[in-house]
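First up is the structure itself, then whatever we jot down about it.
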Amino acid sequence: QGCTQKYIVKNYFYYYLFKLSAALGEEIFYITFLPFTYWNIDHSVSRRMIIVWSIVMYIGQVSKDILKWPRPLSPPVVKLEVRTNAEYGMPSTHAMAATAISFSFFIATTNQYKYPFELGLVAAFVFSTLVCLSRLYTGMHTVLDVIGGALISAVLLVLLYPAWDTIDHLLLTSPFCPLFSIVVPLVLCYNYPKLDYYSPTRGDTTTILGAAAGATVGFWLNNQYAAPAYTSKSFQSGFPLAISTMVFVLARFFVGILVVLLTRWVMKSVVLGALGYRYKFPIRDLEARRRLEVEVPYKFVTYSSVGFMATVVVPLLHELLGLM
């Protein structure tokens, strides 16, 4: 479905501000920010964010397809996005993701680092508010959708917070973690609520659960073999600390994101090729790729590989290149 109305941009500041803010609740943000925290900030912070993000997003996506509340009508609303227009509206998963990621990051880093509490709280609030407002500006959600999404996410955060340490400990130490991390998300994806027409929610949910599954297996494997943590010991003497830190941060990020994007491209081609051969359809057949028996394994295998590479292979590459 495309945009149903033509529009003229009269205020480019708001237009680009909210278009950018909307991107902070999409795959391009997840696939960069979440690995960035693992490579450059703190492993425990990243683990907690991924746990909260995957649970919150699964509940949000399923809720949409159970409630089946329509998105705002166009006209009178002008919709600035095409892809997500096929989804239902309530709750806004952009609002849920923004609230979950920003406040889980704030809560997790408050326990690890010393910085003004008020500054962290304001930053989390501004981040989530911008994403929420972007859903109104782009015409993709009603005020109720956005408020509902933010409130659901906040409630889930409150419920999950007391169990953070327990869940994290089990995922790192339990011998059943790899099996649990793969089987449970796959069962959830294959038993996703059925709709009368195709919606990208099942595919997006599979992407999220697949990435989280691969990352979780990576966390467990790293813990079993005591993978080295990122430190500043390898910084070259003679450089100012701030410059050295920035160089290492950027180097780790660009090396890592290159591996992540290459993994996604290779696995997508390989898995789609294998499924196309198995079910006898050309790779470019969009309708065939939307079938349950194709979409779930294709996206789950692709993004679980991305999560695993980001948490296991990329850190080993960083160590090999002297970026630890």
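Cβ atoms here come from the backbone N, Cα and C positions, even for glycine.
Remember, TrEMBL labels are computer predictions, not curated facts.
Predicted, not measured: the structure shown is a model, and the values here were computed from it.
Per TrEMBL, the feature domain 'Phosphatidic acid phosphatase type 2/haloperoxidase' maps to 46-161. Confidence annotation: the domain 'Phosphatidic acid phosphatase type 2/haloperoxidase' (46-161) carries a mean pLDDT of 85 in the model.
Tertiary neighbourhood of the transmembrane segment (12-38): same-chain residues 45-46, 49-50, 53, 80-81, 93-95, 97-98, 101, 105, 127, 130-131, 133-135, 137-138, 140, 207-208, 211, 215, 253, 256-257, 260-261, 264, 306, 310-311, 314, selected by CB-CB distance under 8 Å and a gap of 6+ residues from either end. Per TrEMBL, transmembrane segment is recorded for 12-38 (among others).
Tertiary proximity for the transmembrane segment (119-137) is limited to same-chain residues at least six positions away from its ends with a CB under 8 Å from its CB atoms, namely 14, 17-19, 21-22, 24-25, 80, 92, 94-95, 97-99, 102-103, 105-106, 109-110, 143, 145-146, 149-150. Marked as transmembrane segment by TrEMBL: 119-137 (among others).
Sequence annotations record features per position, and here TrEMBL assigns transmembrane segment to 144-164 (among others). Long-range contacts of the transmembrane segment (144-164) within the same chain: residues 48, 51-52, 55-56, 59-60, 63, 69, 71, 89-100, 103-104, 107, 128, 132, 135-136, each at least 6 residues beyond the stretch ends and with a Cβ under 8 Å from a Cβ of the stretch.
For 170-192 (among others), the entry in TrEMBL reads transmembrane segment. Same-chain neighbours of the transmembrane segment (170-192): 47, 51, 58, 62, 65, 201-202, 205-206, 209-210, 212-213, 216-217, 219-221, 223, 292, 296, 300, 304, counting only residues six or more beyond its ends whose CB sits under 8 Å from a CB of the stretch.
According to TrEMBL, the transmembrane segment annotation covers 204-221 (among others).
Positions annotated as transmembrane segment by TrEMBL: 241-262 (among others).
Sequence-remote contacts of a segment are chain residues at least 6 beyond its ends whose Cβ falls under 8 Å from one of its Cβ atoms, and for the transmembrane segment (300-318) they are 31, 35, 38-39, 182, 185-186, 189, 206-219, 221-222, 227-228, 230, 252, 255-256, 259-260, 263-264, 267-268, 271, 324. As annotated by TrEMBL, transmembrane segment applies to 300-318 (among others).
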